[in-house]
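**Q** If you scroll down you'll find the structure; I have some questions about it.
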Amino acid sequence: GEEVWESSQGGLQPHTRPLATSWPELGGPVEAALRLYHQQHPQEHQSLYLFQAWPRAAGRGQRAASGEQVWAYAGGQLRPGFPRRIGDEFPGVPGGVDAAVECYPEDCGGETVLFFKGDTVYSFDLVLRVTKPRVWPGLGPCSAALRWLERYYCLRGTHFHRFDPLTGKVHIGYPRDLRDYFIPCPGRGHGQGNASWGDAGDRCSEMPFQAFLSDDTGRIYAFRGGLSFRLDSWRDGYHAWPLGQTWPELEGEVDAAFAWDGRTYLIQGSQVSIFLSEQGHRRVLGYPRALQEELGVPSADAAFTCPGSAHLYLITGDRIRLVDLTQMPRHVGEPVLLPHDHVDGAMCTNDGVFLFRGPSYHQYSSVAQLLGAQQPAPPQSIATHFFHCPQ
């Protein structure tokens, strides 16, 4: 209708307000919405596009609306020249679209917007300014669409599907209920936990994590009991997901993880799998393979690389060893004694090196400080710092 619902940080109950409060020029319901990420065109970058596809009578001193309008806002202000006909702003896209979502280059091969109308999807190339219609009968119609956690979703009624933005193929395990994921409702959702996961799926439980990962794109993950959590953004994270949701075909527990050269390495027992970080976490052909062949060690309790470095640090028990990832074949260096007799996981970011054990973590400003430490750094709460749980 003529209202917008907003969900606040921390999963608080959503609240509603009139559309006119934020977009006073709009005079009726919005059929589709899109935020454009287009860095090469600053005027369009981070613009919010709102689509109206309904006939509206003219008010005093106004022209009648065609029912095929798009409004563009930047910084909360209506951009000059808007509203416009949808076909004028996006040539080849018809009026009356049901939903729209931007498809990033790493997912669609170029800067693209997907417009949904019934069972037809109109793929609009932002650079070439051309539209290609596709028919995806197994997916549509979609009343809304969005990209979240590098995944694409089609919403319809109280359910949603996850789909491949290139083929329209719906992933196994869908549809699912919106009220358990995107719309916080009393008594439902991830905040209520998944009974089958127990404490492993409860972000605020003090159950130990097996591994942590900070990849080349700045994403941070925590692994526990065959599940992963996204930590770098409260908007995206704090939810437990089965491993296969993010890393296709991966099952079981992750013992150690690290990233290097656009790739993510996930160690499970004596094997390692490699996924391309910027291509929807696609597994590299030929993996998993033996960890001994890949890195020169039979197993590892924890692993980490620091941003911009090809030095991999592998931790087993109370010893840490260095591997130069640029050398082939790879060889591990001599073990160095750590101030910890055991760690569950490790991670290095621009804020330093983090070692995880039980419900606590120990932070060091650099690798040099860690290697020179005689005593463990003071323990701090994982749940409080990384998941913002109540103390």
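Cβ atoms are placed via backbone N, Cα and C, with glycine included.
Automatic prediction, not curation, is the source of TrEMBL annotations.
In case it's useful when we look at the structure, here is the feature table from TrEMBL:
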{"type": "REGION", "residues": "1-21", "note": "region 'Disordered'"}
{"type": "COMPBIAS", "residues": "1-11", "note": "compositional bias 'Polar residues'"}
{"type": "REPEAT", "residues": "94-134", "note": "repeat 'Hemopexin'"}
{"type": "REPEAT", "residues": "139-185", "note": "repeat 'Hemopexin'"}
{"type": "REPEAT", "residues": "251-298", "note": "repeat 'Hemopexin'"}
{"type": "REPEAT", "residues": "340-389", "note": "repeat 'Hemopexin'"}
**Q** Based on DSSP, tally up the residues of the repeat 'Hemopexin' (139-185) by helix, strand and coil.
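**A** With helix first, then strand, then coil, the repeat 'Hemopexin' (139-185) has 3 helix, 19 strand, 25 coil.
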**Q** Could you give the number of helix, strand and coil residues in the repeat 'Hemopexin' (251-298) as assigned by DSSP?
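**A** For that range the per-state counts are 5 helix, 21 strand, 22 coil.
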**Q** Where DSSP helix means H, G or I and strand means E or B, what are the helix, strand and coil counts for the repeat 'Hemopexin' (340-389)?
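**A** Grouping H, G, I as helix and E, B as strand yields 12 helix, 18 strand, 20 coil.
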**Q** In the repeat 'Hemopexin' (94-134), how many residues does DSSP put in helix, strand and coil?
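**A** Residue counts for the repeat 'Hemopexin' (94-134) by secondary structure: 4 helix, 22 strand, 15 coil.
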